[in-house]
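Data block below; observations after.
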Amino acid sequence: MKFAVKAWNNGGKARSGVLQLGSCPHNIETPALLLTTRKGLPVYIPPDHLPSLPSPDSNLLHFSPLHFLEGISLKAISNIGGLHPLLGLHDHIMVAVPRDSIISIPDHDSTNRIGASFETPCGRMLIKPADYMEMISSMRPNLWATLADEVPAWVSEKRNKASVERTLKWLDECITSNSTDGAVLGSVVGGSRVEQRRSCAQEVARRNVEGFWIGGFGLGESMEERNPLLNAVMDSLPEQKPRLISGLGLPEVLQGVAAGVDLFDSTYIYDLTLGGFALTFPLESIEKQVTKYQPNSNSGCDGTKINLKATMYRKDTSPIVDNCKCYTCQNHTKAYINHLLNVHEMLAHILLEMHNTHHFLGFFRSIREAIHQGNFQKFRQKFIGNRHEHLFSAALSV
(Lines of atoms letter the chains of each structure in order from A; the text may use other names.)
(Lines give C-alpha, C1' and ligand atoms only; values in the text may rest on other atoms or scores of the structure.)
Protein backbone atom coordinates (compact mmCIF):
# COMPACT_ATOMS: atom_id res chain seq x y z
CA MET A 1 0.00 0.00 0.00
CA LYS A 2 1.15 3.52 -0.83
CA PHE A 3 -0.37 6.72 0.50
CA ALA A 4 0.61 10.32 -0.18
CA VAL A 5 -0.88 13.61 0.96
CA LYS A 6 -1.34 15.89 -2.07
CA ALA A 7 -2.96 19.01 -0.62
CA TRP A 8 -3.72 20.70 2.70
CA ASN A 9 -6.51 23.13 3.34
CA ASN A 10 -5.27 26.65 4.07
CA GLY A 11 -4.67 27.06 7.78
CA GLY A 12 -6.25 23.75 8.78
CA LYS A 13 -5.73 20.00 9.16
CA ALA A 14 -8.09 18.94 6.33
CA ARG A 15 -6.13 17.18 3.61
CA SER A 16 -6.55 15.33 0.36
CA GLY A 17 -4.38 12.43 -0.72
CA VAL A 18 -4.01 9.42 -2.96
CA LEU A 19 -4.23 5.79 -1.84
CA GLN A 20 -2.68 3.15 -4.08
CA LEU A 21 -3.01 -0.61 -3.64
CA GLY A 22 -1.45 -3.20 -5.89
CA SER A 23 -4.68 -5.13 -6.45
CA CYS A 24 -6.68 -2.04 -7.50
CA PRO A 25 -5.98 -0.70 -11.02
CA HIS A 26 -7.02 2.83 -10.04
CA ASN A 27 -5.76 5.22 -7.38
CA ILE A 28 -8.27 6.24 -4.70
CA GLU A 29 -8.47 9.93 -3.88
CA THR A 30 -9.09 10.85 -0.26
CA PRO A 31 -11.05 11.86 1.77
CA ALA A 32 -13.06 8.86 0.66
CA LEU A 33 -16.09 6.83 1.73
CA LEU A 34 -16.11 3.09 2.39
CA LEU A 35 -19.37 1.52 1.26
CA THR A 36 -21.13 -0.44 3.99
CA THR A 37 -21.61 -4.10 3.09
CA ARG A 38 -23.03 -7.27 4.50
CA LYS A 39 -20.69 -10.18 3.83
CA GLY A 40 -18.72 -8.05 1.39
CA LEU A 41 -21.56 -6.76 -0.79
CA PRO A 42 -23.71 -3.61 -0.38
CA VAL A 43 -26.87 -4.47 1.51
CA TYR A 44 -29.31 -3.65 -1.31
CA ILE A 45 -27.32 -2.89 -4.48
CA PRO A 46 -27.05 -6.01 -6.71
CA PRO A 47 -23.51 -6.87 -7.84
CA ASP A 48 -24.39 -6.29 -11.51
CA HIS A 49 -25.32 -2.67 -10.69
CA LEU A 50 -22.07 -1.86 -8.87
CA PRO A 51 -20.47 -0.66 -12.16
CA SER A 52 -23.18 2.03 -12.40
CA LEU A 53 -21.71 3.76 -9.32
CA PRO A 54 -18.92 6.36 -9.74
CA SER A 55 -15.58 4.61 -10.20
CA PRO A 56 -13.08 4.31 -8.61
CA ASP A 57 -14.82 6.16 -5.73
CA SER A 58 -17.14 3.20 -5.15
CA ASN A 59 -14.34 0.61 -5.10
CA LEU A 60 -13.76 0.85 -1.34
CA LEU A 61 -15.85 -1.75 0.51
CA HIS A 62 -16.01 -2.14 4.28
CA PHE A 63 -16.92 -5.49 5.82
CA SER A 64 -16.83 -7.10 9.23
CA PRO A 65 -15.20 -10.56 9.35
CA LEU A 66 -17.81 -11.43 11.98
CA HIS A 67 -20.45 -11.50 9.23
CA PHE A 68 -19.00 -14.83 8.15
CA LEU A 69 -19.48 -16.57 11.48
CA GLU A 70 -22.60 -18.06 9.90
CA GLY A 71 -22.69 -19.63 6.46
CA ILE A 72 -19.62 -20.57 4.44
CA SER A 73 -16.66 -21.80 6.50
CA LEU A 74 -13.36 -19.98 6.81
CA LYS A 75 -11.58 -22.98 5.29
CA ALA A 76 -13.80 -22.82 2.21
CA ILE A 77 -13.17 -19.07 1.84
CA SER A 78 -9.42 -19.68 2.13
CA ASN A 79 -9.51 -22.50 -0.45
CA ILE A 80 -11.32 -20.21 -2.89
CA GLY A 81 -8.58 -17.62 -2.44
CA GLY A 82 -10.23 -15.08 -0.15
CA LEU A 83 -13.12 -12.67 -0.50
CA HIS A 84 -12.13 -11.15 -3.84
CA PRO A 85 -12.58 -14.35 -5.91
CA LEU A 86 -15.47 -15.47 -3.68
CA LEU A 87 -17.45 -12.33 -4.51
CA GLY A 88 -16.04 -11.79 -8.00
CA LEU A 89 -14.86 -8.27 -7.09
CA HIS A 90 -11.22 -8.46 -8.11
CA ASP A 91 -10.75 -4.71 -8.68
CA HIS A 92 -12.35 -3.60 -5.40
CA ILE A 93 -10.55 -2.79 -2.16
CA MET A 94 -11.82 -4.83 0.77
CA VAL A 95 -11.32 -3.21 4.19
CA ALA A 96 -11.92 -5.38 7.27
CA VAL A 97 -12.98 -3.77 10.56
CA PRO A 98 -14.32 -5.91 13.44
CA ARG A 99 -17.08 -3.46 14.30
CA ASP A 100 -20.19 -3.08 12.19
CA SER A 101 -22.88 -0.79 13.56
CA ILE A 102 -25.63 -2.81 11.86
CA ILE A 103 -25.23 -6.42 12.92
CA SER A 104 -21.82 -6.76 14.65
CA ILE A 105 -22.04 -4.35 17.58
CA PRO A 106 -19.34 -4.11 20.28
CA ASP A 107 -20.52 -5.26 23.71
CA HIS A 108 -18.20 -3.56 26.21
CA ASP A 109 -19.90 -5.17 29.23
CA SER A 110 -18.92 -8.69 28.14
CA THR A 111 -15.46 -7.93 26.74
CA ASN A 112 -12.60 -9.19 28.90
CA ARG A 113 -8.81 -9.56 28.77
CA ILE A 114 -9.16 -12.67 26.62
CA GLY A 115 -11.09 -11.13 23.73
CA ALA A 116 -13.63 -8.60 22.46
CA SER A 117 -17.36 -9.32 22.73
CA PHE A 118 -19.84 -8.55 19.95
CA GLU A 119 -23.58 -8.87 19.46
CA THR A 120 -23.96 -10.75 16.17
CA PRO A 121 -26.73 -12.59 14.27
CA CYS A 122 -25.30 -15.73 15.89
CA GLY A 123 -25.72 -14.26 19.37
CA ARG A 124 -23.11 -12.78 21.65
CA MET A 125 -19.63 -13.85 20.56
CA LEU A 126 -16.26 -13.49 22.30
CA ILE A 127 -13.60 -13.00 19.62
CA LYS A 128 -10.00 -13.71 20.63
CA PRO A 129 -7.06 -12.24 18.69
CA ALA A 130 -6.19 -15.73 17.37
CA ASP A 131 -9.78 -16.22 16.15
CA TYR A 132 -9.77 -12.82 14.49
CA MET A 133 -6.47 -13.44 12.73
CA GLU A 134 -7.78 -16.76 11.41
CA MET A 135 -10.62 -14.82 9.78
CA ILE A 136 -8.22 -12.25 8.32
CA SER A 137 -5.84 -14.88 6.91
CA SER A 138 -8.76 -16.71 5.27
CA MET A 139 -10.46 -13.62 3.79
CA ARG A 140 -7.28 -11.77 2.71
CA PRO A 141 -8.56 -8.18 2.74
CA ASN A 142 -6.47 -5.36 1.25
CA LEU A 143 -6.58 -3.43 4.53
CA TRP A 144 -7.58 -4.63 7.96
CA ALA A 145 -7.88 -3.09 11.40
CA THR A 146 -6.56 -4.92 14.45
CA LEU A 147 -8.94 -6.19 17.14
CA ALA A 148 -9.98 -3.45 19.57
CA ASP A 149 -11.87 -3.04 22.83
CA GLU A 150 -14.29 -0.21 22.02
CA VAL A 151 -16.17 1.46 24.83
CA PRO A 152 -18.95 4.09 24.82
CA ALA A 153 -18.51 7.63 26.10
CA TRP A 154 -20.04 7.02 29.53
CA VAL A 155 -17.76 4.29 30.92
CA SER A 156 -15.53 4.88 33.95
CA GLU A 157 -11.90 5.99 33.84
CA LYS A 158 -10.81 2.53 34.99
CA ARG A 159 -12.75 0.80 32.17
CA ASN A 160 -11.37 3.27 29.67
CA LYS A 161 -7.80 2.58 30.71
CA ALA A 162 -8.41 -1.18 30.50
CA SER A 163 -9.74 -0.81 26.94
CA VAL A 164 -6.53 0.95 25.86
CA GLU A 165 -4.30 -1.67 27.49
CA ARG A 166 -6.25 -4.54 25.91
CA THR A 167 -6.28 -2.91 22.47
CA LEU A 168 -2.50 -2.40 22.52
CA LYS A 169 -1.95 -5.98 23.72
CA TRP A 170 -4.17 -7.36 20.97
CA LEU A 171 -2.47 -5.10 18.42
CA ASP A 172 0.88 -6.70 19.20
CA GLU A 173 -0.63 -10.19 19.03
CA CYS A 174 -2.27 -9.45 15.67
CA ILE A 175 0.96 -8.07 14.19
CA THR A 176 2.98 -11.03 15.48
CA SER A 177 0.62 -13.63 13.98
CA ASN A 178 -0.04 -11.77 10.71
CA SER A 179 0.63 -13.91 7.63
CA THR A 180 -1.24 -11.86 5.01
CA ASP A 181 -0.16 -9.29 2.44
CA GLY A 182 -2.87 -6.84 3.53
CA ALA A 183 -1.97 -3.49 5.03
CA VAL A 184 -2.41 -3.34 8.82
CA LEU A 185 -4.37 -0.49 10.41
CA GLY A 186 -3.49 -0.11 14.07
CA SER A 187 -6.56 0.46 16.25
CA VAL A 188 -6.77 3.61 18.37
CA VAL A 189 -9.31 3.79 21.21
CA GLY A 190 -9.68 5.70 24.46
CA GLY A 191 -13.37 6.51 24.79
CA SER A 192 -14.18 10.07 25.84
CA ARG A 193 -10.89 10.67 27.72
CA VAL A 194 -8.46 12.97 25.90
CA GLU A 195 -5.39 11.66 27.72
CA GLN A 196 -6.28 8.04 27.02
CA ARG A 197 -6.86 8.86 23.35
CA ARG A 198 -3.50 10.63 23.10
CA SER A 199 -1.64 7.88 24.95
CA CYS A 200 -3.15 5.12 22.79
CA ALA A 201 -2.40 7.00 19.55
CA GLN A 202 1.22 7.57 20.56
CA GLU A 203 1.70 3.90 21.40
CA VAL A 204 0.07 2.66 18.18
CA ALA A 205 2.20 5.10 16.15
CA ARG A 206 5.30 3.32 17.47
CA ARG A 207 4.15 0.00 16.04
CA ASN A 208 4.88 -1.35 12.56
CA VAL A 209 1.53 -0.51 10.94
CA GLU A 210 0.68 0.98 7.54
CA GLY A 211 -2.17 3.17 8.81
CA PHE A 212 -4.60 3.74 11.64
CA TRP A 213 -8.20 2.89 12.47
CA ILE A 214 -9.78 5.30 14.93
CA GLY A 215 -12.45 3.43 16.87
CA GLY A 216 -14.84 4.28 19.64
CA PHE A 217 -16.65 7.15 17.91
CA GLY A 218 -20.37 7.28 17.31
CA LEU A 219 -20.87 5.58 20.68
CA GLY A 220 -22.50 8.33 22.69
CA GLU A 221 -20.11 11.29 22.53
CA SER A 222 -21.45 14.72 21.56
CA MET A 223 -20.21 16.94 18.73
CA GLU A 224 -18.56 19.22 21.30
CA GLU A 225 -16.77 16.31 23.01
CA ARG A 226 -15.56 14.87 19.72
CA ASN A 227 -13.35 17.78 18.62
CA PRO A 228 -10.73 17.59 21.41
CA LEU A 229 -10.72 13.78 21.17
CA LEU A 230 -10.05 13.87 17.42
CA ASN A 231 -7.38 16.52 17.81
CA ALA A 232 -5.62 14.54 20.53
CA VAL A 233 -5.45 11.51 18.23
CA MET A 234 -4.50 13.32 15.02
CA ASP A 235 -1.73 15.34 16.66
CA SER A 236 -0.15 12.07 17.83
CA LEU A 237 -0.19 10.25 14.48
CA PRO A 238 2.35 10.58 11.64
CA GLU A 239 1.10 12.58 8.67
CA GLN A 240 2.32 10.18 5.98
CA LYS A 241 -0.03 7.32 6.94
CA PRO A 242 -3.80 7.11 6.24
CA ARG A 243 -6.43 7.36 8.99
CA LEU A 244 -9.76 5.53 8.90
CA ILE A 245 -12.65 6.32 11.24
CA SER A 246 -15.95 4.58 11.95
CA GLY A 247 -19.27 5.86 13.26
CA LEU A 248 -19.64 9.34 11.71
CA GLY A 249 -22.68 10.34 9.66
CA LEU A 250 -23.74 13.69 8.22
CA PRO A 251 -22.65 16.39 9.04
CA GLU A 252 -20.16 14.68 11.41
CA VAL A 253 -17.98 13.58 8.48
CA LEU A 254 -17.10 17.24 7.93
CA GLN A 255 -15.80 17.33 11.50
CA GLY A 256 -13.66 14.30 10.72
CA VAL A 257 -12.30 15.80 7.50
CA ALA A 258 -11.47 19.05 9.33
CA ALA A 259 -9.47 17.02 11.88
CA GLY A 260 -7.45 15.24 9.16
CA VAL A 261 -9.25 11.91 8.66
CA ASP A 262 -8.78 10.28 5.23
CA LEU A 263 -11.22 7.34 5.11
CA PHE A 264 -14.75 7.04 6.49
CA ASP A 265 -16.69 3.88 7.31
CA SER A 266 -20.29 4.91 7.92
CA THR A 267 -23.70 3.23 8.01
CA TYR A 268 -25.34 6.58 7.23
CA ILE A 269 -26.44 5.52 3.71
CA TYR A 270 -27.88 2.24 5.00
CA ASP A 271 -29.82 4.01 7.76
CA LEU A 272 -31.24 6.56 5.31
CA THR A 273 -32.25 3.90 2.81
CA LEU A 274 -33.91 1.71 5.41
CA GLY A 275 -36.03 4.67 6.53
CA GLY A 276 -37.13 5.60 3.00
CA PHE A 277 -35.06 8.79 2.80
CA ALA A 278 -33.26 10.22 -0.23
CA LEU A 279 -30.39 12.71 -0.18
CA THR A 280 -31.23 15.90 -2.08
CA PHE A 281 -28.82 18.65 -0.99
CA PRO A 282 -27.01 20.44 -3.87
CA LEU A 283 -23.55 19.25 -4.88
CA GLU A 284 -22.70 21.68 -7.68
CA SER A 285 -21.97 24.70 -5.50
CA ILE A 286 -21.35 25.60 -1.88
CA GLU A 287 -23.13 28.91 -2.36
CA LYS A 288 -25.96 29.44 0.11
CA GLN A 289 -29.33 28.54 -1.32
CA VAL A 290 -32.39 29.95 0.43
CA THR A 291 -35.41 27.75 -0.04
CA LYS A 292 -38.85 28.07 1.42
CA TYR A 293 -39.46 25.47 4.11
CA GLN A 294 -42.19 22.99 3.24
CA PRO A 295 -43.74 21.04 6.13
CA ASN A 296 -43.40 17.25 5.87
CA SER A 297 -41.01 17.53 2.94
CA ASN A 298 -37.96 16.70 5.04
CA SER A 299 -37.53 14.29 7.89
CA GLY A 300 -35.46 16.07 10.50
CA CYS A 301 -36.11 19.29 8.54
CA ASP A 302 -32.39 19.82 7.92
CA GLY A 303 -32.63 20.38 4.15
CA THR A 304 -30.38 17.45 3.22
CA LYS A 305 -32.96 14.74 2.51
CA ILE A 306 -36.60 14.00 1.75
CA ASN A 307 -38.93 11.28 3.03
CA LEU A 308 -40.21 9.47 -0.04
CA LYS A 309 -42.86 7.70 2.00
CA ALA A 310 -44.72 11.02 2.31
CA THR A 311 -48.04 11.34 0.47
CA MET A 312 -46.89 14.56 -1.23
CA TYR A 313 -44.77 12.40 -3.59
CA ARG A 314 -47.56 10.06 -4.73
CA LYS A 315 -48.01 11.95 -8.01
CA ASP A 316 -44.57 13.54 -8.34
CA THR A 317 -43.19 12.46 -11.72
CA SER A 318 -39.82 14.17 -11.31
CA PRO A 319 -36.57 12.36 -10.42
CA ILE A 320 -35.24 12.54 -6.86
CA VAL A 321 -32.67 15.14 -7.91
CA ASP A 322 -32.77 16.96 -11.25
CA ASN A 323 -29.69 16.30 -13.43
CA CYS A 324 -28.49 13.50 -11.13
CA LYS A 325 -26.62 10.87 -13.15
CA CYS A 326 -27.42 7.88 -10.93
CA TYR A 327 -29.36 4.90 -12.30
CA THR A 328 -32.39 5.69 -10.14
CA CYS A 329 -32.80 9.31 -11.20
CA GLN A 330 -32.14 8.48 -14.85
CA ASN A 331 -34.87 5.83 -14.95
CA HIS A 332 -37.44 6.37 -12.17
CA THR A 333 -39.56 9.01 -10.43
CA LYS A 334 -40.39 9.96 -6.88
CA ALA A 335 -43.95 8.70 -7.42
CA TYR A 336 -42.72 5.23 -8.39
CA ILE A 337 -40.39 4.95 -5.38
CA ASN A 338 -43.18 6.25 -3.13
CA HIS A 339 -45.41 3.46 -4.44
CA LEU A 340 -42.70 0.82 -3.92
CA LEU A 341 -42.10 1.96 -0.35
CA ASN A 342 -45.77 1.97 0.55
CA VAL A 343 -46.34 -1.55 -0.80
CA HIS A 344 -43.11 -2.73 0.92
CA GLU A 345 -41.28 -3.76 -2.26
CA MET A 346 -37.56 -4.41 -1.78
CA LEU A 347 -36.91 -2.67 -5.11
CA ALA A 348 -37.55 0.62 -3.30
CA HIS A 349 -34.51 0.09 -1.09
CA ILE A 350 -32.41 -1.02 -4.05
CA LEU A 351 -33.19 2.17 -5.98
CA LEU A 352 -32.80 4.37 -2.90
CA GLU A 353 -29.44 2.91 -1.92
CA MET A 354 -28.15 3.39 -5.47
CA HIS A 355 -29.15 7.06 -5.43
CA ASN A 356 -27.97 7.76 -1.88
CA THR A 357 -24.62 6.09 -2.48
CA HIS A 358 -24.12 8.02 -5.73
CA HIS A 359 -25.05 11.29 -4.02
CA PHE A 360 -22.88 10.75 -0.93
CA LEU A 361 -19.89 9.83 -3.10
CA GLY A 362 -20.51 13.10 -4.95
CA PHE A 363 -20.45 14.90 -1.61
CA PHE A 364 -16.99 13.48 -0.88
CA ARG A 365 -15.87 14.59 -4.35
CA SER A 366 -17.04 18.12 -3.50
CA ILE A 367 -15.06 17.95 -0.23
CA ARG A 368 -11.90 17.01 -2.11
CA GLU A 369 -12.41 19.86 -4.58
CA ALA A 370 -12.92 22.32 -1.72
CA ILE A 371 -9.65 21.20 -0.09
CA HIS A 372 -7.74 21.55 -3.38
CA GLN A 373 -9.17 25.04 -3.82
CA GLY A 374 -8.22 25.96 -0.26
CA ASN A 375 -11.78 26.77 0.84
CA PHE A 376 -12.85 23.70 2.78
CA GLN A 377 -13.61 25.76 5.88
CA LYS A 378 -15.96 27.92 3.83
CA PHE A 379 -17.54 24.79 2.34
CA ARG A 380 -18.09 23.33 5.81
CA GLN A 381 -19.53 26.54 7.25
CA LYS A 382 -21.97 27.02 4.39
CA PHE A 383 -23.16 23.41 4.48
CA ILE A 384 -23.77 23.51 8.23
CA GLY A 385 -25.26 27.02 7.95
CA ASN A 386 -27.79 25.88 5.35
CA ARG A 387 -28.70 22.93 7.53
CA HIS A 388 -29.20 25.11 10.62
CA GLU A 389 -31.33 27.52 8.60
CA HIS A 390 -33.68 24.70 7.59
CA LEU A 391 -33.87 23.47 11.18
CA PHE A 392 -34.65 27.00 12.38
CA SER A 393 -37.37 27.40 9.72
CA ALA A 394 -38.89 24.09 10.79
CA ALA A 395 -38.92 25.16 14.43
CA LEU A 396 -40.73 28.41 13.55
CA SER A 397 -43.38 26.55 11.56
CA VAL A 398 -44.38 24.29 14.47
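Going from the start of the chain as shown, residues are counted 1 onward.
The backbone N, Cα and C atoms fix where each Cβ goes, glycine too.
Whatever TrEMBL says is automated annotation, not expert-curated.
Now, the feature entries from TrEMBL:
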- 13-387: domain 'tRNA-guanine(15) transglycosylase-like' (DOMAIN)
- CYS324, CYS326, CYS329, HIS355: Zn(2+) binding site (BINDING)
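Where TrEMBL records a feature, it is marked here on the structure.
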residue	record	Cβ contacts under 8 Å, 6 or more apart
CYS324	Zn(2+) binding site	GLN330, HIS355, HIS358, HIS359
CYS326	Zn(2+) binding site	SER52, MET354, HIS355, HIS358, HIS359
CYS329	Zn(2+) binding site	PRO319, ILE320, VAL321, HIS355
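Averaged across the domain 'tRNA-guanine(15) transglycosylase-like' (13-387), the predicted model reaches a pLDDT of 91. The number of other CB atoms found within 10 A of the CB of HIS355 (Zn(2+) binding site), across every protein chain shown, is 27. Note: the Zn(2+) site is recorded as CYS324, CYS326, CYS329, HIS355; in the same chain, PRO319, ILE320, VAL321, LYS325, TYR327, THR328, GLN330, MET354, HIS358, HIS359 also have Cβ atoms within 8 Å of that site's Cβ centroid.
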